[in-house]
C-alpha cells in the first residue's frame with residue numbers, strides 16, 4: 001500500500017529549460033563584444049548593417065563657423081563706396097543736363113575738371129601715396145607723355161564723335177545712355193580690400209560702359225570743343241576719380257566720410273537745380289536706404305543663417321608657402 005500511495009519522484013529538469021526565454025544566445029553576445037568600433041568610412045567593410053547610425057556620426061558637425069558678426073556702424077562704413085559712386089554718376093548726369101540746356105558752359109566745366117585732376121594728382125603724390133609701402137618710382141616723363149597722347153587723341157576724335165548719333169533720335173540716345181550708366185553702376189568694383197587696382201572683367205566693363213555713355217551723350221553737343229572737354233572730364237571722373245577715392249579710403253576714415261558727404265550733397269543740389277525736388281528726394285532716399293536700412297536688414301537676416309560644416313566637406317588644397 002505504501003508503494004501505491006507514494007507520490008512519484010520529480011523528474012530531472014534539463015538546464016536549458018531554466019534559462020530566460022528572452023535572453024540572447026551566447027553566440028550573438030560574443031559577436032557584439034568582438035565587433036570593431038564603427039568608423040565613418042565607406043571603403044572599409046564593417047560588421048554593421050547598412051542603415052546603422054553610430055552615436056559619433058555627427059560629432060564633427062559645425063554650424064556657422066565662418067560667419068563674422070558685424071555691427072551696424074561697420075556696415076555703414078562699408079557702404080560708403082556705393083554712396084560715393086552713385087553720387088558721382090548723378091553729378092555727371094546733372095552736369096550734362098546743365099550743358100545741354102545751356103545752363104552751364106562746357107569750357108568752364110572742362111577747366112574745372114582739369115584743375116581738379118591736377119590738384120588731386122599733387123595731393124596723391126605728396127600725401128596719399130606715402131602710406132603705401134609697395135609704391136614704385138613714378139616716371140613723371142612717361143606720365144606726361146601719356147597725358148599728351150590722350151589729349152591729342154581726343155582732339156582728333158572730337159569732330160567724329162560729335163556726328164556719331166546725328167541720325168539717331170534723342171529718345172534712343174537717352175535710353176542707350178541710361179542702360180550704359182546702369183551697367184557702370186552694377187559692374188563697378190566697390191571692394192576696397194587693396195589699394196592696388198585689380199584687373200578684372202567687371203571693373204573694366206564698368207569703366208568702358210561709363211565712357212561709352214559719355215561719348216553717346218557728348219555726341220549731342222553742338223561744338224567739337226565741347227565734345228573734347230566733356231569726354232576729357234568723363235575720363236577724369238570715371239577712370240581716375242575711383243582710384244583717388246580708394247586712396248582716400250585707406251588714408252583716413254574721416255576724410256572718406258567727409259568726401260562722401262560732399263558728394264551726396266553736391267549730387268542732391270545738382271539734381272534739384274537741373275530737374276526737380278522729387279528726383280533729388282528720391283536720390284537722397286536711395287542713399288539713406290543703402291547706408292542705413294540695408295545694414296539693419298542684413299543684421300536681422302544674419303540670425304537665420306545656418307551654415308553646416310563637417311569632415312564630409314570637400315578638402316581644399318592649400319597652395320603656396322603657408323601650407324600649415
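Here the Cβ of each residue, glycine as well, is placed from N, Cα and C on the backbone.
Look at TrEMBL and you will find 82-99 (among others) tagged as transmembrane segment.
Feature annotation from TrEMBL assigns transmembrane segment to 106-128 (among others). Here the transmembrane segment (106-128) has long-range neighbours at 95, 99, 138, 221, 223, 225-226, 228-230, 232-233, 236-237, 240-241, 244, 247-248, 251, meaning same-chain residues at least 6 beyond its ends whose C-beta is under 8 angstroms from one of its own.
The annotation transmembrane segment is assigned in TrEMBL to 140-161 (among others).
For 173-191 (among others), the entry in TrEMBL reads transmembrane segment.
Annotated transmembrane segment per TrEMBL: 225-244 (among others), in sequence order.
Per TrEMBL, the feature transmembrane segment maps to 251-271 (among others). Long-range contacts of the transmembrane segment (251-271) within the same chain: residues 77, 80, 83-84, 86-88, 90-91, 94-95, 98, 127-128, 131, 245, 279-280, 283-284, 287, each at least 6 residues beyond the stretch ends and with a Cβ under 8 Å from a Cβ of the stretch.
Annotation source TrEMBL lists transmembrane segment at 277-299 (among others).
Within its own chain, the transmembrane segment (173-191) has Cβ neighbours under 8 Å at 81-82, 85-86, 89, 93, 165, 198, 200, 202-203, 205-207, 209-210, 212-213, 216-217, 219-220, 238, 242, counting only residues six or more beyond its boundaries.
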